[in-house]
Amino acid sequence: MSVAARIEDAVASQSEASRRKWARDEALALYGAPFNDLLFQAQTVHRAHFDPNAVQLSRLLSIKTGGCPEDCGYCSQSARNEAELSASKLMEVERVLVEARKARDAGATRYCMGAAWRSPKERDMGFVVAMVEGVKALGMETCMTLGMLSPDQAGRLKAAGLDYYNHNIDTSEAHYASVITTRTFADRLETLDNVREAGIKVCSGGILGLGETAQDRVDMLVTLANLPEPPDSVPINMLIAIPGTPLEHAPKVDPIDFVRTIALARIMMPTSHVRLSAGRTEMSDEMQAMCFFAGANSIFVGETLLTAGNPEEDKDAVLFQRLGIHPMELKVEVETIEVEAPCASMAAAAAE
Ligand code: SF4
């Protein structure tokens with residue numbers, strides 16, 4: 001079949017694409033297709049599902065930094081790594097809401113809150129539930145990343161109004177144990193199941209630059225695309241090599257391969273938001289432009305991404321202007337409900 005016919009075929013079947021099962025060899029062939037063919041197909045699929053010039057803006061706040069018991073080889077927040085990062089306690093609910101309001105006023109439509117935990121403890125649940133309720137009342141979409149979740153915890157977060165839960169699978173199943181040993185790939189998938197079963201939208205993606213092969217990248221996307229439902233949001237990160245972590249000296253990712261991965265994610269998960277996530281500080285404007293053309297339609301804004309740098313908002317605004325890109329609007333009603341302040345005992349526990 002000619003390239004043009006294959007593209008026509010792909011576009012014609014795009015409505016089924018989010019439900020179809022992908023084969024590894026089929027996905028690998030797409031990943032290795034001539035670059036222009038791959039990008040044309042990705043852009044064609046993208047246009048069929050999204051405004052091609054709109055990018056969703058999310059703001060990320062670290063509500064509890066460092067001291068994590070997990071051993072993710074890329075992460076400065078692992079207590080087992082030697083990165084210079086001091087651990088903090090869980091942030092107060094009021095402070096989170098002040099920051100969320102600022103983010104909303106600056107144009108962010110989704111507020112993501114991340115805590116460096118293996119999983120939330122019972123004593124933390126009341127606080128994170130209050131954070132979700134408070135951010136939701138500001139009229140923003142809410143997202144949390146707190147580590148592994150039980151079905152009960154997922155249900156409580158859903159009841160509080162949580163829209164998205166981020167839990168990245170990071171890499172392929174085959175490469176996973178080379179990067180993390182304190183939990184398994186299956187643990188990750190179990191939490192994704194619990195989140196989806198609770199009715200929360202899944203945000204799950206991975207990181208490039210962990211010493212993985214092209215097959216690992218493709219396999220990671222095949223796992224995501226073949227979930228019972230593909231994630232609503234797929235962050236694709238480029239490793240920020242942090243001194244003191246085992247991956248400090250990992251070889252850099254070829255920018256062309258990074259763009260290929262974005263394009264493949266767009267084709268395999270046509271209705272998902274593909275997020276150009278960590279690593280943008282090391283990307284040129286031209287590389288970011290290629291990623292948007294390949295189908296990335298979400299970014300994090302703000303100067304920090306949990307603990308690493310992110311391009312300043314002015315720089316993003318200038319790039320958007322140069323590319324004719326505008327922020328994606330969120331059509332939600334701003335609720336005017338009052339959020340109850342956490343009770344004194346909760347505040348005391350947070351300060352522990
Ligand atoms: S990536 Fe998350 S789970 Fe892994 S060490 Fe860092 S904070 Fe902990």
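In case you wondered, yes, glycine gets a Cβ from its N, Cα and C as well.
Source: prediction; values computed, not measured.
CYS143 is the residue from CYS75, CYS143 that TrEMBL records in the [2Fe-2S] cluster site together with CYS112, CYS203, ARG275. The secondary structure of ARG275 ([2Fe-2S] cluster binding site), as reduced to three states from DSSP, is extended strand. Contact annotation for binding-site residues (CYS75, CYS112, CYS143, CYS203, ARG275) versus ligand 1: CYS75, each with CB under 6 Å from a ligand atom.
Cα to Cα, CYS143 ([2Fe-2S] cluster binding site) and CYS68 ([4Fe-4S] cluster binding site) are separated by 20 Å. Averaged over the domain 'Radical SAM core' (53-280), the predicted model has a pLDDT of 92.
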